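Copied from Swiss-Prot, the annotated features are:
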| type | residues | note |
| --- | --- | --- |
| BINDING | N100, N101 | mRNA binding site |
| BINDING | K104, G128, D150, D185, Q208, Y213 | S-adenosyl-L-methionine binding site |
| COMPBIAS | 25-42 | compositional bias 'Low complexity' |
| COMPBIAS | 56-68 | compositional bias 'Basic and acidic residues' |
| COMPBIAS | 360-370 | compositional bias 'Basic and acidic residues' |
| DOMAIN | 91-399 | domain 'mRNA cap 0 methyltransferase' |
| REGION | 20-68 | region 'Disordered' |
| REGION | 347-370 | region 'Disordered' |
| SITE | K131 | site 'mRNA cap binding' |
| SITE | K137 | site 'mRNA cap binding' |
| SITE | R162 | site 'mRNA cap binding' |
| SITE | H212 | site 'mRNA cap binding' |
| SITE | E294 | site 'mRNA cap binding' |
| SITE | Y391 | site 'mRNA cap binding' |
Amino acid sequence: MMAQNSRLFEMDSPYADAKVDKDSIGSSFDSSQTSTSSSSSSVKRRRDGDEEDDDHSPSKKLVTEDSLHSQKVATHYNKIKECGLAERNKSRIVYMRNFNNWLKSVLIAEILDKVRQKRREVTVLDLGCGKGGDLLKWKKGRIDKLVCADIAAVSIEQCQQRYNDVRRRGHPNDRTFSAEFITADCSRELLSEKLQDPELQFDVCSCQFVYHYSFESESQADTMLRNACERLRPGGFFIGTTPDAYELVKRLEESDSNSFGNEVFSVTFQKKGEYPLFGCQYDFSLEGVVNVPEFLVYFPLFVEMAKKYNMRLVYKKTFKEFFEEKVKDGKNKDLMQWMQALEQYPPDERGQLSSSGPGEYDHAKRKAADPAVRRPLGTLSKSEWEATSIYLVYVFEKMS
């Protein structure tokens, strides 16, 4: 664990201070695929013959190229083996994972505090819950009910097992929230048809590192939004994290090829210069952890689509901006140190750095050379920062 007074996270990556010409990048997206109505602020369906077919029931689903991709995603995550804490700590990207986990912890805690100002009982939908990596966050947030939904059946089974373990390890007087587990492709199936209580309403929907998969098509993106938002109470929140399309396109355009990355991650597009609003596919890999196709989320379109479900964007920050804002709060800074979300530099005598690659810690080395700076520092390697800084945080609120 890092020293209590360590200086936190000095960044010196080529992307940390780069200016993004968002107007020029936005104009690169192909708007011919869709139009928005000024009267309804909703996105009309134009693709795959969906103009007149609003029936999302399983009986209406066809086996298409899109659905085959969803099956690939489910199969991929079903094959990922569960590993213990000791094994995860050997990962090259352990500090980046911890950093992302800290960021989610801060986001979830702040939103639950807002909700609890209005309601004593809190119900949450974890949309794309995976293996249940946020279960302890919900327990710490003292919620009352959690619904977990994911496309991968094996992930849902592991999530349920984790939940049972949390309950079993808890103190007899320590009440744990009730939970419901649903296996579903949330970009194609309506959760309201699968809930034990079809009238259940949520105070929060959390969608972490998931929503971009739904931007394969307009109908999928819309169904995912519907699942996230239609059962939210007025004043409820839809929160999440997703890749920043502006940042991805900027780095791609700066690259000499159709790909970019470093020793921990890579992103590969089929070509440059054309970025359709839906189905803009790229291949993403992260230290062997994830290697499935993903899709750009053009955020202005995301915001416009959300209006259909009476949602208003109230917060949007890149991970860099979120960190710089939230670490100013002492309790968040303490949490970051407790979660070991930054790597100690220089390491102690028995430790070693996560990477021996050239230039990975030059930014920390320069900072540590300043006599006015207290050592040790807390940092991420250059490669980890470049990987995590492609993401952003968003919060939508349900209007009355």
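The backbone N, Cα and C atoms fix where each Cβ goes, and this holds for glycine too.
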Tell me, which recorded positions from N101, K131, K137, R162, E294, Y391 are within 10 Å of Y213 (S-adenosyl-L-methionine binding site) if we use the C-alpha atoms?
E294
In this structure, the one of the binding-site residues D150, D185 whose CB has the fewest other CB atoms within 10 Å is D185
Based on DSSP, name the secondary structure state of H212 (site 'mRNA cap binding'): helix, strand or coil.
helix
Could you put numbers on the helix, strand and coil content of the compositional bias 'Basic and acidic residues' (360-370), residue by residue per DSSP?
7 helix, 0 strand, 4 coil
Neighbourhood of Q208 (S-adenosyl-L-methionine binding site) by C-beta distance under 8 A, where only residues 6 or more apart in the same chain count:
K104, G128, D134, G240, T241
Using Cα positions only, nearest of the binding-site residues to Y391 (site 'mRNA cap binding') (N100, N101, D150, D185)
N100
What does DSSP assign D150 (S-adenosyl-L-methionine binding site), in three states?
strand
Can you give me the Cα-Cα distance between E294 (site 'mRNA cap binding') and N101 (mRNA binding site) in Å, rounded to a whole number?
21
Once the chains shown are all counted, how many other Cβ atoms turn up within 10 Å of the Cβ of E294 (site 'mRNA cap binding')?
21
Counting other CB atoms within 10 Å of each candidate's CB, the least crowded of the recorded positions Y213, Y391 is Y391
Around the Cβ of K131 (site 'mRNA cap binding'), other Cβ atoms found within 10 Å total 21
